[in-house]
Amino acid sequence: MTAERIFDVLGHFKRYQACLYLAAAFQAIACGIHYLASVFLVEKPNFVCGVPDNITHVLYGNLTGSSLEELLPGFRPGTGPLVVRTAEGSQWELGQCSRSLRVAPADFTYQFQGNTTLRACDGNYVYDHSEIQLNIVMDWDLVCDREWLAKLCQPTFMAGVLIGAVVFGDLADRIGRVKIMRFSSLCQFVLGVSIAFSGSYYVFMVLRFLLAMVSSGYLVVVFVYVTEFTGSKVRTWTSMHIHAFFAVGIMVVALTGYLVRVWWIYQIILSLCTSPFLLVCWMFPETPFYLISKRRYKEAQALLDSVARFNGLDYGPKVEELLAPEATENGKSLLQETEAQPSRVEKKHSILDLFGTWRMAGRTCTVWAIWFIGSLGYYVFSLGSVNLGGNQYINLFLVGAVELPSYMVGCYLMDRIGRKKTCAPALLLAGVACMLIIVLPADINALAIALSMTGKFSVAIAFGLIYLYTCELYPTIIRTLAVGSGSMMCRVGSVVAPFCVYLADVWVYLPQLIVGVLAFAIGLLTLLLPETLGQPLTNTLEEAEALGGKSSNKCSGLCGKDEEAAMEMNQQEATASAGKPED
């Protein structure tokens, strides 16, 4: 028997696993919230330079008013200035980053043929509060020569996500999954609330960077955690739907942004949304896979017994039956180990183990490429798609909602045709969609939008399944490290994506060309990866390397059966239970 067989006894998704899964996945909402919160925090409002005196009259084309607040919502930069007259009689032409004082005006008219004196704004700005009452751009005047500071917010956050994915992924393999989940959850809450009380831009940026690290850490570890607590029959469903909880976080941001227009109140509410998780995360157990891999057999046996009792079973699996005979210390029971026995020196694993052999190196490069194009393609399709217009809060809500069908379709296909046969066609379809956008006439807007959404939908499927696929391709001892390093490549893609979109200034279809070529090429490389549908999770590097070989399917589900029969049974079981958790 292998450690994977514990689910044949305990159940693949019974009461114990369901409670753990729902609680752990619930906190993924917080990750979605913090990743997208800056959409409204740094949104650039409409604004113009202020004047030193009280304003009595305002002109903008044929429109007149008595204050800037009346005409500023309809002001469009580049269409002409706002002309104001003050109580002292001076007349000003106001732009966004400069203002001009009219010299000796005869009448108060919009058109002026005389001389003007150009003046700097000197930090005096008037903002349009009709959409957003107060955000950090207004609070700290991050406009004009300071606008780059606002644009730096999201790249800095993504840099924190990148570092957090590597750091916490490695720590989770060293000190345990559950410790990292507890720590990162507590830090998300504390840092999220602290950001609301940051007194300066630089404190705000430092806190957001740290928040990005812990949010990324939780998101990396939770995928491994739920994978190691659920059986193969439901593992596709449980892994893919973590993304659905993340998408719910995006929708929460949209709803909160619509209801709350003051940034620090908005930040506090978002941080409190998942605070109930802190009350239950301290009761989370370590995963049995991790305990067994660390030779903590007594703790593993106690956990298995607890799960069995909670699931209403009379007995649970025995740890010594889950290991190879040679691992039981010459026939002695693992549970009878004494402290007097010398402890083995445990080998430390690093990212270099992902490249230990040529086969593992090629696998790692391909997996990293899928992570990269998944993130790059998602953001390029999102940022480069046709602007839908209308209410920005509804648009953001729909951006989160549209992800849900892609994960459901991906989940359905993964359990029926396999991980590789779902990921590769999805990437190939995304590449074809990009190419068709380039070659089709630009005036067929409806078709271009449909192709853009097809590409985004396809990339989302590949991006959704790569978490689970990575977990299944690597052994327990480096599984979290593999997911963390893949997430690092994902964040590299998210950082590169805005610069890729900027290339549209060179050629309007250059972003689609880049994404299309990369997606198609990586889709072809994906066909070289081994299939993991119906295979047990591996514990050692040797077992992981053997995936896809002639012997990799032996005893994967039923020892003594031929490999085709075992594979067929695993696929039938996956098919029968695919919709079960959703009922």
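Here the Cβ of each residue, glycine as well, is placed from N, Cα and C on the backbone.
TrEMBL does not curate its annotations; it predicts them automatically.
Annotated features, as they stand in TrEMBL:
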TRANSMEM  20-42  transmembrane segment
DOMAIN    99-533  domain 'Major facilitator superfamily (MFS) profile'
TRANSMEM  148-171  transmembrane segment
TRANSMEM  183-203  transmembrane segment
TRANSMEM  209-227  transmembrane segment
TRANSMEM  239-258  transmembrane segment
TRANSMEM  264-285  transmembrane segment
TRANSMEM  360-381  transmembrane segment
TRANSMEM  393-414  transmembrane segment
TRANSMEM  426-442  transmembrane segment
TRANSMEM  448-469  transmembrane segment
TRANSMEM  481-504  transmembrane segment
TRANSMEM  510-529  transmembrane segment
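Across all of the domain 'Major facilitator superfamily (MFS) profile' (99-533), the predicted model scores a mean pLDDT of 81.
Counting Cβ pairs closer than 8 Å and at least 6 residues apart in sequence, the transmembrane segment (148-171) and the transmembrane segment (448-469) reach fewer than three and form no contact. With a cut-off of 8 Å between Cβ atoms, the residues of this chain six or more beyond the transmembrane segment (426-442) that come close are 370, 373, 377, 410, 448, 451-452, 454-455, 458-459, 461-462, 509, 512-513, 515-524, 526. The listed stretches are 183-203, 239-258, 264-285, 448-469, 510-529; of these, 239-258 has the most Cβ pairs under 8 Å to the transmembrane segment (20-42). Between the transmembrane segment (481-504) and the transmembrane segment (239-258), fewer than three CB pairs separated by 6 or more residues in sequence fall under 8 Å, so the two stretches do not touch. Of the two recorded stretches, the transmembrane segment (510-529) lies close to the transmembrane segment (360-381), with three or more CB pairs under 8 Å once pairs fewer than 6 apart in sequence are set aside.
When Cβ distances are compared across the two stretches, the transmembrane segment (183-203) makes contact with the transmembrane segment (264-285), since 3 or more pairs at least 6 residues apart fall below 8 angstroms. Nonlocal intrachain contacts for the transmembrane segment (393-414), taken as residues 6+ away from its ends with a CB within less than 8 angstroms of a stretch CB, comprise 32, 36, 39, 236-237, 240-241, 243-244, 247-251, 253-255, 257-258, 382, 421-422, 426, 453, 456-457, 460-462, 464-465, 468, 533, 578. Within the chain, the transmembrane segment (448-469) has long-range Cβ neighbours (under 8 A, six or more residues past its boundaries) at 223, 227, 235-236, 239-240, 242-243, 367, 370-371, 373-375, 377-378, 381-382, 384-386, 402-403, 405-407, 409-411, 413-414, 419-420, 422-423, 426-427, 429-430, 433-434, 436-437, 440, 442, 483, 486, 490, 515, 519, 529, 532.
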